[in-house]
Amino acid sequence: MRLIQTLTLLYTQTPHELHHGAKLDRCAGMEFDAVAVNEEGIPYFFKGDHFFKGFHGKAELSNETFPELDDYHHLGHVNAAFCMHSEDSPDHHDHQFFFLDNKVFSYYEHKLEKDYPKDISEVFPGIPDHLDAAVECPKPDCTDDTVIFFKGDEIYHFNMKTKKVDEKEFKSMPNCTGAFRYMDHYYCFHGHQFSKFDPVTGEVHGKYPKETRDYFMRCPHFGQKSTDDHIEREQCSRVHLDAITSDDDGSLYAFRGHHFLSITGDKFHSDTIESAFKELHSEVDAVFSYEGHLYMIKDNEVFVYKVGEPHTHLEGYPKPLKEVLGIEGPVDAAFVCADHHIAHVIKGQTVYNVDMKATPRAPAKEGSITHFKKIDAAMCGPKGVTVVIGNHYYLYASPMIMMMAKIMPEQHRVSQELFGCDH
């Protein structure tokens, strides 16, 4: 789980002062108390007695999800947290662990396990109290299933199979106030910055530290960035996409929060959505390309732009989604394949087709996506249909195969394989 810190004004407050009435702004510059991903892959950020689910949204009280933690608020905030992945310890696999002072809590499916909380020394012998951070390191990242604990500049590798503790020295890393494993990478959070590190050696490669708000949160208008900074942020951000499409010339457009990334050949461009699509302003639900125009769906409205330099907003838009596509919003994704006139609109697991040449346009239920409960974005290109969920995408040869396939296709990484992020 992840622990986020509070408004700049709250930096002077001690953890127990961040009480039920505190208002936390994840974009104000926060230091994480603890960071982890739950069993469903959703990141949690904790600060004081609050936490954030995912990469955007408001803070929630921790005790609404984990009520037993409220009985131990006198111990202070959660010091560290992680989600266990261990073949050698099936009783602990997919359990979430929270560390408060000298106590450890174990949750499975948001329910506190029997006889917890326990002393840290009972569950993890040789590991000190008052930890700063913890992160799981399953095989083969580590030789055996391991948990890495951080306290100041002291690093402990706890072997889940042998219960042996090895003390490490990570010379190139700062002291971590939070750590977590995400998309097979390991991140150390310090202040409102982070560094990616090797879990075995502690080595930090690349240009680090980086600003957390650029990569793990949606923070509109944060900072004054150069063009290259904007491009790298959108290429490498771990925040899920809102929409993705490619136009008739093969240019790719990806939308995330208040920003977008476009790729034409080997040229990258990134800016705020408002700068290129000022009428839309920000945050779209779905985008698809049809006959030289971008159809951009936001809530129950459709904005249409003629592709060009600059993009031209068509007069008379936005129009109601029901009027343009005959369907009620909100929708999750939409796409049109090249040389076709059928818009495939996805709501939850249901796929509707809309004949773009029909008057009036009316949706017909085409089928269902059985592999996923909900998708973030989708587009159709020369290689088929790309379905995006989180920072992963899946490629299907056609819309029909997307709905009928019984075998899950290979998983790819959006940031690295689709956008060319090199770290």
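Note that Cβ sites are derived from N, Cα and C of the backbone, with glycine treated the same way.
Keep in mind it's a predicted model, so treat the numbers as computed, not measured.
Disulfide pairing as given by TrEMBL: among Cys27, Cys421, Cys219 connects to Cys27. Shown for the repeat 'Hemopexin' (281-328): DSSP residue counts in helix, strand and coil, namely 5 helix, 21 strand, 22 coil. A mean pLDDT of 80 is what the model gives for the repeat 'Hemopexin' (29-69). In this structure the C-alpha atoms belonging to Cys337 (disulfide bond) and Cys142 (disulfide bond) are separated by 43 Å. Residue counts for the repeat 'Hemopexin' (75-127) under DSSP (helix as H, G, I; strand as E, B; rest coil) come to 5 helix, 19 strand, 29 coil. Neighbour density around each Cβ, counted as other Cβ atoms within 10 Å, peaks among the disulfide-bonded residues Cys137, Cys176 at Cys176. Counting in whole angstrom, Cys380 (disulfide bond) lies 21 from His269 (heme binding site) by their C-alpha atoms. Break the repeat 'Hemopexin' (174-219) down by DSSP state and the numbers are 4 helix, 17 strand, 25 coil.
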